[in-house]
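Taken from Swiss-Prot as is:
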type     : residues : note
COMPBIAS : 67-81    : compositional bias 'Polar residues'
COMPBIAS : 92-209   : compositional bias 'Basic and acidic residues'
COMPBIAS : 244-258  : compositional bias 'Basic residues'
COMPBIAS : 259-272  : compositional bias 'Basic and acidic residues'
DOMAIN   : 381-550  : domain 'tr-type G'
MOD_RES  : K800     : N6-acetyllysine
REGION   : 28-296   : region 'Disordered'
REGION   : 436-439  : region 'G3'
REGION   : 490-493  : region 'G4'
Amino acid sequence: MTDVTIKTLAAERQTSVERLVQQFADAGIRKSADDSVSAQEKQTLIDHLNQKNSGPDKLTLQRKTRSTLNIPGTGGKSKSVQIEVRKKRTFVKRDPQEAERLAAEEQARREAEESAKREAQQKAEREAAEQAKREAAEQAKREAAEKDKVSNQQDDMTKNAQAEKARREQEAAELKRKAEEEARRKLEEEARRVAEEARRMAEENKWTDNAEPTEDSSDYHVTTSQHARQAEDESDREVEGGRGRGRNAKAARPKKGNKHAESKADREEARAAVRGGKGGKRKGSSLQQGFQKPAQAVNRDVVIGETITVGELANKMAVKGSQVIKAMMKLGAMATINQVIDQETAQLVAEEMGHKVILRRENELEEAVMSDRDTGAAAEPRAPVVTIMGHVDHGKTSLLDYIRSTKVASGEAGGITQHIGAYHVETENGMITFLDTPGHAAFTSMRARGAQATDIVVLVVAADDGVMPQTIEAIQHAKAAQVPVVVAVNKIDKPEADPDRVKNELSQYGILPEEWGGESQFVHVSAKAGTGIDELLDAILLQAEVLELKAVRKGMASGAVIESFLDKGRGPVATVLVREGTLHKGDIVLCGFEYGRVRAMRNELGQEVLEAGPSIPVEILGLSGVPAAGDEVTVVRDEKKAREVALYRQGKFREVKLARQQKSKLENMFANMTEGEVHEVNIVLKADVQGSVEAISDSLLKLSTDEVKVKIIGSGVGGITETDATLAAASNAILVGFNVRADASARKVIEAESLDLRYYSVIYNLIDEVKAAMSGMLSPELKQQIIGLAEVRDVFKSPKFGAIAGCMVTEGVVKRHNPIRVLRDNVVIYEGELESLRRFKDDVNEVRNGMECGIGVKNYNDVRTGDVIEVFEIIEIQRTIA
């Protein structure tokens, strides 16, 4: 093959001359652009490029071995510790030339070892022969000297000398034999050591592609690096075997893959065998008893608190968490291992699995605090607590205003009561405490609280209006609280007043007047003119005497929260109705989730008071937060314990709420599948008092439908803050303020984010506007409206449109491009579109009643005489929330 130049070779390889020259230089051949290249040089270049482009020369393996170590802890619980052992090993792949070189070196090393072995053997033999000669010469010298020494002795000693000579010759021969055996043994050990070292080095450097998998390869993933891992395992075993303290250390060590399969007793016995190998004594088999699986289930006493997670319940029963989850699924409840479940569910699961359940009460601290109270002994008569209930605008507040001789109703927004007002009134016959409840439908929970805190219910019914829905609800609340009812028939001075109608309607709900044999007193009053007010007060006091109301006046007070709100200057304020004892300024009170010291007390007139007895409503300041309306108020001795109880109640409420929320059932799963199609109206609600927040939230949530849901993102008492505005911006919510306003920082966020902020003072307007917002999210309803009928009189053929129906418009108007139906014998046979509409060969847009026209139906030619063409249009009707 002729030589070619660098330029020609570069053109053949389709590369640049500079790149080819560089490649030759990398291969160790210096060339210029005009030099020629021989076939040998080309082959050298090709070998160099193949070696350069071959696969990676190094392979790095990283192995992680994970295991779990169970450490026993206190209380029968065990702690699991995850152990991870990481190993990293690098294998170098030799190229073929390197492999040949290593093979040649290996062969040379073997020959050198053989020659060294032979030389060592010959050297040992020479040394043994020389040693024997030296010993024989020394022996001969000693014999000669001995012979010269004893030459003058007597002849009778000759025999002993000869015997001694024979003995020493025999010893010399024995010594020579031992020296030869020692030399041979050393030679064999040296040869065996050299051969073992050579075999180990050869195995470390070999790269086998067709190695058989070892027994423990099933414990690892089969990958391309399987053989390398086997080599690593073999090397690890050799290293660890060298560290064993006895000959049986390697045999006694368990295999890698089966380290969890052997029992603890087997491992102890193996370790004992290793320890006993050094001293020549082997310890007997371990006397420790191995764990045997129990033949039957162990029934345990399981102590369950008010809430517990599934994992904790499994630990108490000494079973796996998956078994508890399976048992819960059999009972119809789905749970995860970290989910909090309530006490009843945990009891059912534990009893289902055959364990005995011990229910633990966690409110011992609370009971101890409540029992450590000085409540006094003697009970004294107290004033009745009267709640005025009734329908909206039936005159409840006006009636109470006349009694108090004030004008409170005009101060309420919209003239309706939106808070519970608590007042006490001194009369000639004694004191009466009045609670004025809202009558609007949204304030159901407020009325229920009023009924529970009261002794007597005054049911106000307008004589001209009769029994209304909230009147019925007030009757139900009174019956549920088992409170006597005094009926005040108001607006008796109106011409259209009909008291007998009121009696008849109330009798249907179990409220019978005394003259009809019932237990309820009926009093005719007029809040405007003041008619019958004294009779009403007398009836209330008479009913109170019948009830014999008594309370302990001395001692630590207890009562109920009627209303609560957050005042910007004073902080959390709670309206408290004292039931028993006397509440003093400076007392430590526990109120639901809140606690604190009474910093100040005010009566309903805003005057500072130092104490309040039974049936007296007061406003207290100094609580840690705004309590929920309806919470129990209790005076305790120790503020530290009160704080602990309040924090315990908060945690308990949070756990119970979480357990209730996470309790997922099968039927809810299918309901959640279609939630993506539901529109949501997000609202951030702030109001002036806690009762209004509760009432508005309940009312708005009741507006939710299947298509639009109302979601209260956040709610609270007090003004609208920057946090509320940020929350509304993040959740795309409407900011609603009920009798509150936004501060300066909140207004900046609202303007920057263009949030929808709305202020309300009347609950009617708030609910109506939320309804309007929800209505805008409803998809419109599509309705078909017939606009005209045309009767087919004759059918013509048209080359452009096909069958043309000659029609007479009998009703309405026929318009072009409107959808139509073709009716035959009042049965719809086709539904399509009107394509052509002509009158006297002129295209028209519409034909009115009584006119003739030609109609071409799009993609339909089976029009017959006598058919009726019905023209309609589709209109969208906006739906509203009822």
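From the backbone N, Cα and C atoms, a Cβ is placed for every residue, glycine too.
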K800 (N6-acetyllysine), number of other Cβ atoms within 10 Å: 7
DSSP helix/strand/coil residue counts for the region 'G4' (490-493): 0 helix, 1 strand, 3 coil
DSSP residue counts for the compositional bias 'Polar residues' (67-81), split into helix, strand and coil: 3 helix, 10 strand, 2 coil
For K800 (N6-acetyllysine), the three-state class that DSSP assigns: coil
